[in-house]
Amino acid sequence: MKVLVIFAVLSLVIFSNCSAETDEDFFGEESFEADDIIPFIAKEQVRKDKENCIGKHHECTDDRDNCCKGKLFRYQCQCFKVIDGKKETKRCACVTPLHYKMAEMAVSVFKKMFKN
């Protein structure tokens, strides 16, 4: 029964992650012109390079789509409001969301259960 519950939770998290990334990719660029295609391709080629991505807990304010990949999932850029004196600024960092942490924990428990 425990295995069934863990598998169901893991499947649900993976499915929701896949559908969220698909919607984000599909609806991200509403207007797309022919002049934009070459910079777009060059940008995507850079993102595939692991050395040029933004690591965990590093700032991603200017480049929100370039976070590195963690153990199972890609980190997500999460923004926070920082108040310095009376000035409020928006700062972003690459972090692992809570549901990704839960999925990684479920996978590690699942592996430990079937390792023996």
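Cβ atoms are placed via backbone N, Cα and C, with glycine included.
Candidates considered were C67, C68, C92. The record in Swiss-Prot pairs C79 in a disulfide bond with C92. Checking C53, C77, C94 against Swiss-Prot, the residue bonded to C68 by a disulphide is C53.
Considering only the disulfide-bonded residues C67, C68, C94, the residue whose Cα is spatially closest to the Cα of C77 (disulfide bond) is C94. The most densely surrounded of the disulfide-bonded residues C60, C68, C77, judged by C-beta neighbours within 10 angstroms, is C60. The two recorded residues, C94 (disulfide bond) and C60 (disulfide bond), show a Cα separation of 6 Å.
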